[in-house]
Each structure stands twice: as structure tokens, then as C-alpha cells.
Amino acid sequence: MLEKTTLKNIILIHFLMFLAVVTAQTAPDEDTSAITRCTAEGTNPVRETDIPNPVNVGTIDDRSCYANYKESTVYGKTWGVYNITFDSNDFDTSLQPRIERSLSRSSETGIGSYARLTGVFRILEVGDTSGTSQDGTYLAQAKGKHTGGGGSPDPAICLYLAKPVYGTGEDADKQVSFDIYAERILYRGGEGDGREIVFLKNVKKDEETNFELEVGFKEDPNDVSKKIQYCNAVIGGDTFNWNIPEPERGTESGIRYGAYRVKGGRAQIRWANTTYQKVENVEVTNPGPIGDVYKLKNVATGQYLSDSGVSASAVIMSDSGEAQNNYWTFVESGSLFNIDNETFGILRAPGAGGPGGAYVVVSTTKEGPSSDGDKVWTIHYNESNDTYRFESGSSGRFMYQEINGNVTHISAMNTDDRSVWKAIAVESLSVDENAILASDVRVFPNPASDSFTISLKTINHVTVNIYDVLGNTIFKSEFNGDTIQIRNKGQFKAGVYLIQLTDKNNNKYHKKLIVK
């Protein structure tokens, strides 16, 4: 009798153990129904369909017609439920299905700016294509736009991809764990071969895994004049830090999470205890070489940037920086600058079909300030060696002296000295030597026609010389007083002229005049 009872107990224990194994393989909130493309419940008129007061942070982006976002309470937590199936994208049908939450982006690039997500995830199932490279589902992604074009208009920087690992024996057809990979760009806008996939770690099915993702900007420890854009993750206590390529092109830091991509089968991901924080620090930059007149010397060649003196013609380089057409000022235009020649107009940075050739920088007769997109520049200052790089707008292209002497604006690393310039103040015009200040002199109207007036604010005795672009003296006179009116009696033809004012201490100031 005892033997029979013992045998029954053994059988019962084995049966209970078997049930425990089955239960462990199926999560309490797992969807075990047949996989279909769409359901009536999951089909919505808009992507923003959500429940009131969801426990997960962020704005829903539901592009799946299989199921809606809902919530479950298991293991002492309330979980956001993200279920998607193959081909269930009812919006933007060329893209992959997803139910994700988008978090407001950190839109500043100053050191200390970041976006940070924390939470806990469980993975129950991911997309399966029978072991191909298309296996898996993204559970989170770092986002961020950049200057200079290339790739998607809203590119992913690093995606965290879960690929299925199948069991053995009776579990050979069951996903029992998941390999987590980082799919990250090799360069800005990288897609396809422009990305690498790096294994991070394995997590078990239905295992509660702590997750933290921070994307932001910090100081480069090797060069305090530069910064790093980073994407750092902590998954289940393991840290995976990565620096994003071309940090100078990054314009923001963002995060999305949920369930995204299923090229076969179904994906089920759960998120709980999500929090989000962002910090936005405005980038502090050198205001640029303003308030004086400069010669711009290319670091690689030692030559000086010169204006051609002809509108829509390519600028040139010269061995000497002493001619008037080598003198430049920087005119503020909002947060950007115009680069203004003392004898002609502001520089233009055309595109591939520019009048001087593809991306060749050309002269204009236009006065600054101008907000025209092809006439504004971002000034990048390197404090460590007192040099500048001039970026056309926010394009990621920099003023560059080519080997053939042409001056273009192209994508170039900051280590390429052909894109690096010295701004050398013209000594005779130095404010430190009591030169006439720019704010002390006005010329109006400018452009002029029949006459123009020179107004002097703090001085009352000057010699006025007016030159044409060839250096010929067109007008010369001495004046006492604070206002000088000059009539055009035919000596000023249509074109650009340089006004030179010299005070009694031999300080000089140059002002440009345009005659229509």
C-alpha cells in the first residue's frame, strides 16, 4: 500500500513539474490566439488612438491594425501591452508595423543636453522569418536629426533589436529567449550597409529586464573645444556605451520605445515603470570674429580668401592679404552670419548647379545682413588653436580650398586643414588702436543713386577717399562736422565702391557703398 501511495505521489509531482514548465513558457498576459493581420478592435482611423491616462510615458504611434495598446497587471506591476503582427501596418503601408511611444526630444546641442528613458521590459515573442537576417523586433530606438542631408528625414541612430532564440527538444518550435543587438549607424544618415549590428546580451522570455537609455551631448575628454554625442544603454545591469559618429552634425536627441518591426509572425513586448527626463542646454559658442575687419588665411595653404569683384563669379585665393578685396567683416543675421567683403558684397554658397561650378563659393553685390539660405554661415571656433571653420547655413558643408585653388563648401572633417581658417585682424582697423567704430559711421541711402550722406557720430574731422573696385580714386575731400552729403554728378557709375575715412590720428575705417 505504501509503495502504491509513493508511486502515485511521484507521478503527481512529475505531472505538476510538467505543468510548471508549460506555465513558465506562457506568460500570464501572453496572446496565444491565432495570428492574423487585422482585427476589428485593432483597426483605428488615426495613429494617435490611445487609452485614457496610460501608465507608459510618451505619445502613442499605433500603426498596427492587429491590436490596440492596452494594459495588464501581473508580477505586481501594470504593463503596457504592445502586440503587432506581420503586414499589419494600416498607415504608411510601405513601412513596418509598430506600436511605439514617442518622447519629446531634447532639441538643444549644448553640453549636458540629453534625453533619458528608464523602464522595465518583458519580451514574450518577436518577429520570425525562419532564421534570416530579417528576424526580430525593435524594442527601443535612439532618434536624432542632423545637418548636411543624407538618409531619412527623421533618422534612427541606434535601434535595440531582439532576435528569437528557440529551445530544443519539445521546445524546438518555441521562442525561449532573445538575443539583444544594437543596430547603429556608421555615419550620419547610414542605412543598410551604412549600419552595423552588434550583439549585446541574451534575455529570457518573460524575464523582467531593467532598461535605461540616454542620448545626449557631453564634452570630449580629449579636446575641450569639441563635444561628443553619445547613446548609452543599461540593459539588465549591463552597460553598453557608444559615441555617435559626426557629433558636430547632430541637432537633437530623441527616444522611441514599444514594439516596431515584424517581418514574420507576431511580436509581443511589455513595458512598465517608464519614466522620461530631458535637459536642454543651449550651445555656448564663440560669437565669431565680429566687430573688426579680417583677412581669412587658409591653414593648409597659407593663402588668403579674396573677392573676385564680379557678381556670381567664383571667389579666388591670393598669396598676399594686403589688397582691399582680401578684407572681410562678419555681419550677424539672426544666429548666423554673412561674410561680407569690404570692396564688394556678401558670399554665396550655391548648390550643385552654382554659377561657378558645383558648390563653388561665389561673390555677390548684396549687402548684409541677409537671411537668404545660401548666404548665411555658421561659425565654428576652435579655442585651442584660435581657428575657424565656416559652415554654409547648417548644411554640414564647410568652406574649403581645393587642391586646384577653387573655394567650395563641402563635407569635410575638422582635421582637414583645407577647411580651417585663421581670421587675422587688419591692424590699421583695430578697435584697440582707437580706430573709428562701425557704430560711429552710417552711410545712407545705401544703395544710393543721385546722392548719399555719411553721418559721423563721435568724430568731426575726417579725410574721405572713395575708390572703385580697381582701386581708382573717384572722390577725395576733407570735412569738418558730423554730416557729409555727396552728390553724384556722374562720377559714380553703377557698381560697388569703398569709402575710406581717416581721422586726425590717422585711424581708418572702411565702409562699402553701392550705387544703382
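Just so it is clear, glycine is given a Cβ too, placed from its N, Cα and C backbone atoms.
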Taking Cys38 as one end of a disulfide recorded in Swiss-Prot, give the other end from among Cys65, Cys158.
Cys65
Just to be sure I read the record right: Glu191, Gly192, Asp193, Gly194, Arg195, Tyr260, Arg261, Val262, Lys263 are listed as binding substrate in Swiss-Prot. Which of Tyr138, Tyr294, Tyr304, Tyr327 is listed for the same site?
Tyr138
Residues Tyr138, Glu191, Gly192, Asp193, Gly194, Arg195, Tyr260, Arg261, Val262, Lys263 binding substrate per the record - widest CA separation, whole Å:
21
For Cys38 (disulfide bond) and Ala67 (Ca(2+) binding site), determine the Cα separation and express it in whole Å.
8
Reported in the order helix, strand, coil, what are the DSSP residue counts of the region 'Ulvan-binding domain' (289-429)?
9 helix, 53 strand, 79 coil
When the Cα-Cα distance from Ala67 (Ca(2+) binding site) is computed for each of the recorded positions Tyr138, Gln141, Lys143, Gly194, Tyr260, which gives the smallest value?
Tyr260
Which one of these recorded positions, Asn44, Gly192, Gly194, Tyr260, Val262, has the sparsest Cβ neighbourhood, judged by other Cβ atoms within 10 angstroms?
Gly192
By CA distance, which of the recorded positions (Gln141, Gly192, Gly194, Val262) lies nearest to Gly42 (Ca(2+) binding site)?
Val262
According to DSSP, does Gln141 (site 'Neutralizes the sugar carboxylate group at subsite +1') fall in a helix, a strand, or coil?
strand
Within 10 Å of Tyr138 (substrate binding site) (Cα to Cα), which of the recorded positions Asn44, Asp62, Ser64, Cys65 do you find?
none
